[in-house]
Amino acid sequence: MEDGYQNRTGFIKGAKDIAKEVKRQTSKKVGRSVDRMSDEYSKRSYSRFEEDDDDDYPMQGSQDGGYYRGDSQAANDDEGGHSDSTEGHDEDDEIYEGEYQGIPRADSGKGSLAGGPGSVRAGAQQFRDVGVSEAERRKDQEELAQQYETILQECGHGKFQWTLYFVLGLALMADGVEIFVVGFVLPSAEKDMCLSEPNKSMLGLIVYFGMMVGAFLWGALADRIGRRQSLLISLSINSIFSFFSSFVQGYSTFLFCRLLSGVGIGGSIPIVFSYYSEFLSQEKRGEHLSWLCMFWMIGGIYASAMAWGIIPHYGWSFQMGSAYQFHSWRVFVLVCAFPSVAAIAALNAMPESPRFYLENGKHDEGWMILKQVHDTNMRAKGHPERVFTVTTIKTVKQMDELVDTGTDTPVWQRYRLKIMSLSQQIRNNILACFSPEYKRTTFMLMAVWFTMSFSYYGLTVWFPDMIKYIQKQEYESRTKTFTGEQTAHVTFNFTLENQVHRQGHFFNDKFLNLKMKSMVFEDSVFEECFFEDVTSTHTFFRNCTFIASLFYNTDLFKYRFVNCKLVNSTFIHNKEGCMLDFSDDFNNAYMIYFVNFLGTLAVLPGNIVSALLMDKIGRLRMLAGSSVISCVSCFFLMFGNSESGMIALLCLFGGISIASWNALDVITVELYPSDKRTTAFGFLNALCKLAAVLGISIFQSFVGITKAVPILFAAGALGAGSFLATKLPETRGQVLQ
């Protein structure tokens, strides 16, 4: 023990001697640099020293200001990047045993001594002209962009990127699922919650409003608090309110939960593409961002398959009295939250974007993550001995954000000031997207996003509605009409469907345990009739007279009797709420689920082609070419006069247009710098959802009236979008700003 103590004392003494020498050399350099304050940020010097213990932080800086270790030095370094001890300072402010000094960074040479020249420079820096500071910041960003690309080349593309690919793919899959959920449950939910036509329309559009708010909110926050943290928060909100929406009973609460669920998932697309792009080198970026788009398709396939497998199984339900009912469509809503929950669990194991850290002056955190990327890929490729040679990475000069959060300030006041500061930073970021440097690019992208979204979402909703209209026409063509029939003492205990009865007379008839579907009775008389256990859909009595009739346990509510007279008739134990239509035939489920399944699957060829060609022919050619072909394909819609024909055209349009979406995602990521990337992407994606709402509303209004107007709208929007896309700058082969 005594020997160990002596060894420890000797080690401490040796460490102090080294520290004093370093401090003396640093003081000399600071003194010499006072006369060269204008060159302070371009001429930095670092003292190099080597510790005798096995601390494997890269403490060596380059003598000539370089970023990489010498070959001989790198061979002796260990692979890790942590400090075993973080002791403090002694009374002389000297380094002693195991003190963590941090990874050397570009500004490490300008640390200030108390009361020394460094503090004078720090004080002067706070009052430097804002324009000069912004110019320095931009110069730092340009240097960082070039060096960051070189570092990504050294890290390689391998296991780490593929792991992140599947993790972020789950988040993108959750976005794809969210788009389809309401459309799949609407036929069941409208009966379960007695929805009127206006309420049905609002329920169909509410998710787009939520996603519009979410894209703008989370995109802006991701540039301030980090990509990973923002994505975790947004997915958590989506998961929580998706879960709640499967249990709530009322229409208003269900609408509210779906709105907040949409707000949560709205941040997925802007953050996912920006996050993943910052781990990809320039020759891999276009291809692998296009591969990532496939998860949106997988989300649509998952939703279609789950709907087809769950919703028609009406036995998967329970109820507590007549007030609480949990039908199979609610099980489907619950299952659709799984991708979001899985993404949250997987994302907790992934790091923040190192580019975000470096843009915000956090050198050590960014260095550690890049080292993790390098080591993970090298081990997976069978080269664990390869050492991450980067020792110093350029960090961007930070603009001072002064917020008084002193100890005397109340807690609520501190949070208020922080929120105000954060809001101001977000506002400045949004305004920066419309600065002279980016104004033209932003307006051009706004036009392209709007036109593509207007036509794509408008047509993809118009297709199923047209198929419904064609089916409805075919169904109505088989309607049977009975006029002047008279029945007495007859018991009806079978299903009545798709019939019209005019001027009939029913005397002492019994309607027992039957289902009425699409039945219409006009100008008829029901005398001493008995209705028991009757369920109905799309059934109405118009200008009918009921005399001494009894209704027991039926769902024939008042709105089903239009201009009718009820004389001495009684309603006992009416069913509460709206009943699900258990007699829906397979064709309806086929239309809703299988058609969407085919339409989603049809984008697979387009995804593959865009991924393979994105880095070969460029983003602009892919975007403009796909938009032009989609524009031409719109005119084939004139020939869709049958159900199978409309399905085929839906698949054709989806397969062609997906390539333009992939190219638009890639070019949006690459046209903005890292500190504004998710803000700009979120703003453009919010505009996309607004255009989707307008497109859906306008196109639906022409169903059953004319095909020409929707086709001309879609073709015109796609044509304008393809023309404007050619005016955007090409980003292929450029480093990520």
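Think of each number as a place in line: the chain as shown, counted from 1.
Including glycine, each Cβ sits where the backbone N, Cα and C put it.
The model shown is predicted, which means the values in this text are computed figures rather than measured ones.
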Segment assigned the feature transmembrane segment in TrEMBL (from 258-277, 538-557): 258-277
Residues from the same chain, set at least six apart from the ends of the transmembrane segment (646-668), whose C-beta lies under 8 A from its own: 269, 273, 285-286, 289-290, 293, 297, 445, 448-449, 452, 456, 459-460, 463, 466-467, 470, 595, 598-607, 609-611, 614, 619-620, 622-623, 625-627, 629-630, 633-634, 636-637, 639-640, 680-681, 684, 722, 725, 728, 731
Across the domain 'Major facilitator superfamily (MFS) profile' (164-732), average pLDDT on the 0 to 100 scale: 84
Non-local residues, at least 6 beyond the ends, that sit with Cβ under 8 Å of the transmembrane segment (231-252): 171, 174, 178, 193-195, 199, 203, 214, 218, 221-222, 258, 260-268, 271-272, 275, 323-326, 330-331, 333-334, 336-337, 340-341, 343-344, 347-348
Winner by Cβ pairs under 8 Å against the transmembrane segment (443-463), considering only 201-219, 289-311, 331-350, 590-613: 590-613
